[in-house]
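Notes for the one structure printed next.
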Amino acid sequence: IAKEVAKLLEMKAQLGGDEGKHKFVLKTPKGTRDYSPKQMAIRERVFNAIITCFKRHGAEVIDTPVFELKETLTGKYGEDSKLIYDLKDQGGELLSLRYDLTVPFARYLAMNKITNMKRYHVAKVYRRDNPATTRGRYREFYQCDFDIAGQFDPMIPDAECLKIVHEILSDLQLGDFLIKVNDRRILDGMFAVCGVPDSKFRTICSSVDKLDKMPWEEVRSEMVGEKGLSPEAADHIGEYVQLHGGLDLIERLLQDPKLSQNKLAKEGLGDMKLLFEYLTLFGITGKISFDLSLARGLDYYTGVIFEAVLLQSENDHVEEPVGVGSVAGGGRYDGLVGMFDPKGRKVPCVGVSIGIERIFSILEQRVEASEEKIRTTETQVLVASAQKKLLEERLKLISELWNAGIKAEVLYKKNPKLLNQLQYCEDTGIPLVAIVGEQELKDGVVKLRVVATREEVNVRRESLVEEIRMRTSRP
């Protein structure tokens, strides 16, 4: 038996087993997703709202490559640098996928010697994160950025960035939100007066940044245990980072005996006061909180930093609303362009990034819950016929409509049943049907049927385009 089995195995090897029939694993890579037509329809809606706002504020649009030279991205993100995707050496260049749209923008400004620009950029970025896709965290995702580059009077562009966040979040109707604001200089000044050594500023900063996800006790033990900060310094920081408020808090801190002695903190607080005055003029201070625990982990921020969170009151009798997570963030980064400029020329910049994926997850869940019907096409009219042998006439008519810029469809059958054609409109949400029949052709008219109400009117062929436009233009 063993001999026979060996012989059979040998024959099988010669025939070349199952290698050709490789079993495919059908999945998207970890931390990525496909978008169905329905999801894309919701997504387009969100993009439109955001881009409309950016344009309203006078921004131009740019685009940059999806990968950059590795050295362009190195050293710009602090502790997050480990999340950068590096690519294999291709043709002598070490490349990485872009991690955000801010560093490529700074490179673009320095490379083209631009000192003044207001731009937006909507594109995908890549992070080798451990994705929590349930919370809208991915490895490949879109960012929608708006930035103002140039030397201007203090806090005017910064206030506009906050106004933009306010406009977009109000427009998308995501529910209650709060925009937290702080300033890197206030943080650095606070660290200094609390006795944090210079060399530990950045690493302590990224600990403070975790306060929205972890309780103070855990953050404190990370500072003391892992990062070697003295317990006294940590407790001192604790007194400050639990403060949040508005103009009154800024005034109070300007009088704070320790902080007011620190040059950096004093500068930051002065600008924060100015910022709040402008935000009062814009009428949005109700949604803004000056929050000393806001740190934003990225290394390149130099001044004002902000983050917008959605609030969800779990149930009515909870006093403090619960944050759902950040949906926008940004700040001032005056040194980044200078890092790329051979002569170190600085271009001050301030910008905001809208976290589209999280917003998108929320809207998607909402649509699921409300069972709202989402249209995935924009077809205005289906060209149909009630009798046989009218394919040519249908094609002639649809061609006229297409040439006039009307969004139209026809079923790909020679003699479709009228009922099937009407059912197709019901299923896809097409509002109108243009029916051609022998009698209509003789009379030079087309029967236009409104799918929702089933009313039918005869329209002269030459007026059809106008009639369709009138009936489908949005009220």
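Note that Cβ sites are derived from N, Cα and C of the backbone, with glycine treated the same way.
Not measured: the values here are computed from a predicted model.
For reference, TrEMBL has these:
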BINDING   ASP100, LEU101, THR102, ARG127, GLN143, ASP147, ARG296, TYR300, TYR301  L-histidine binding site
DOMAIN    31-363  domain 'Aminoacyl-transfer RNA synthetases class-II family profile'
Least buried by Cβ count (within 10 Å) of the binding-site residues THR102, GLN143:
GLN143
Mean pLDDT for the domain 'Aminoacyl-transfer RNA synthetases class-II family profile' (31-363), as a whole number?
89
Extent of the L-histidine binding site in Å [max Cα distance among ASP100, LEU101, THR102, ARG127, GLN143, ASP147, ARG296, TYR300, TYR301]:
21
Sequence gap of 6 or more, Cβ distance under 8 Å: name the residues on the same chain that satisfy this around TYR301 (L-histidine binding site), in order along the sequence.
ARG184, GLY331, ARG332, TYR333
Far apart in sequence but close in space: which same-chain residues, 6 or more away, have a Cβ under 8 Å from ASP100 (L-histidine binding site)?
VAL125, GLN143, ASP145, SER353
Packing count at ARG296 (L-histidine binding site) (other Cβ atoms within 10 Å of its Cβ):
22
